[in-house]
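**Student:** So Swiss-Prot says this about it:
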type	residues	note
COMPBIAS	9-32	compositional bias 'Basic and acidic residues'
COMPBIAS	84-94	compositional bias 'Basic and acidic residues'
COMPBIAS	131-141	compositional bias 'Low complexity'
COMPBIAS	252-261	compositional bias 'Acidic residues'
COMPBIAS	281-291	compositional bias 'Basic residues'
COMPBIAS	294-306	compositional bias 'Polar residues'
COMPBIAS	311-323	compositional bias 'Basic residues'
DOMAIN	11-57	domain 'G-patch'
REGION	1-32	region 'Disordered'
REGION	84-110	region 'Disordered'
REGION	124-185	region 'Disordered'
REGION	197-323	region 'Disordered'
Amino acid sequence: MSASSGEKSQGRRFAEQQMHKHGWTEGKGLGRRENGISEAIKVKVKCDHAGVGHNSAEQFTFHWWDHVFNKTASSISVEADQDGVKVNRTKDDDAPVTNKKPRKALSNRNMLYGRFVKSATLLPGGEQAVKEPSSSESSDSSGDEDEKLDLSSATKMTDEDLRKVCGGRTAHKGARHGLTMSAKLSRLEEQEREFLAKYGNKQQKDKVKAVTPEITEDLLGKNRQQNDSGECPETNNSHKKKKKKRERVDSEREEEEEEESQENRHEEEQVPLSEEEIKSSKKKKSKKKHREQSASPQEEQVTESTDFCIKPKKKKKKKNKSE
């Protein structure tokens with residue numbers, strides 16, 4: 001289960017996480033003695049119609065055009081005569097030209113009994129058994145015979161050998177003159193730098209913009225919590241004013257009640273009031289009327305001011321019907 005070069009699937013990542021919990025590390029085998037497999041079993045999906053043992057890389061390794069050219073050249077002989085040059089065909093081989101690798105098994109397909117396996121030879125004195133070669137010898141012999149049938153000259157040459165033969169030249173037309181792809185690579189690097197300089201700052205700004213709304217939402221949430229926990233400052237001031245006003249009104253009412261009680265007592269006793277006492281009583285009555293008239297508009301102003309700071313009602317969360 002060692003890490004592969006490609007991306008790991010979700011199931012494989014989950015399995016590795018579970019094994020890491022139990023002390024497994026990459027490169028170790030499974031089992032108590034750690035002598036089991038160290039790599040995951042990979043499923044290979046067969047998506048073609050080729051048979052068992054088919055080599056899909058054969059189309060890249062087998063140089064069929066070279067094989068066909070050498071095969072046709074070997075079946076032709078050129079002779080020089082007095083009259084000129086004669087071209088004779090040495091072999092009467094009518095095999096079709098194909099891009100598939102030649103094999104011995106395919107050449108015996110049209111035989112009458114080619115599909116049967118020979119086990120013994122019938123003789124006058126009895127049967128003579130055929131010696132069956134071992135599997136390794138048969139595979140080696142079949143492989144050697146198939147290689148002999150392949151007439152392409154580039155089969156045993158690697159890419160490095162071909163490059164040496166060609167003097168280090170590649171398919172690039174200017175490579176034979178010492179030209180390389182350095183100019184094109186430098187242009188691509190310049191384009192990448194310009195792209196980063198042009199759009200790199202915009203991407204950073206977008207990230208900052210994406211972060212700032214989250215910060216503002218957090219601040220708004222904190223302010224809402226503070227407002228929910230405490231009252232508005234305007235309402236606090238209005239409550240204090242109302243309290244002071246009530247205390248003042250209560251004290252004035254007590255004074256008025258005392259004065260009325262004194263007047264009633266004087267009337268009962270029929271004691272004549274002095275001019276100063278009469279003037280003071282008139283002043284108090286006029287103040288009382290003025291206070292009653294000014295009290296009503298002030299109360300309206302207080303109610304209007306308190307309407308501006310009303311606590312928002314908390315929305316009740318709707319319960320899901322599924323619950």
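Note that Cβ sites are derived from N, Cα and C of the backbone, with glycine treated the same way.
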**Student:** Using DSSP, how many residues in the compositional bias 'Acidic residues' (252-261) fall into helix, strand and coil?
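**Tutor:** Across the compositional bias 'Acidic residues' (252-261), the residues distribute as 10 helix, 0 strand, 0 coil.
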**Student:** Which residue counts does DSSP yield for the compositional bias 'Basic and acidic residues' (9-32) in the helix, strand and coil classes, in that order?
**Tutor:** 12 helix, 0 strand, 12 coil
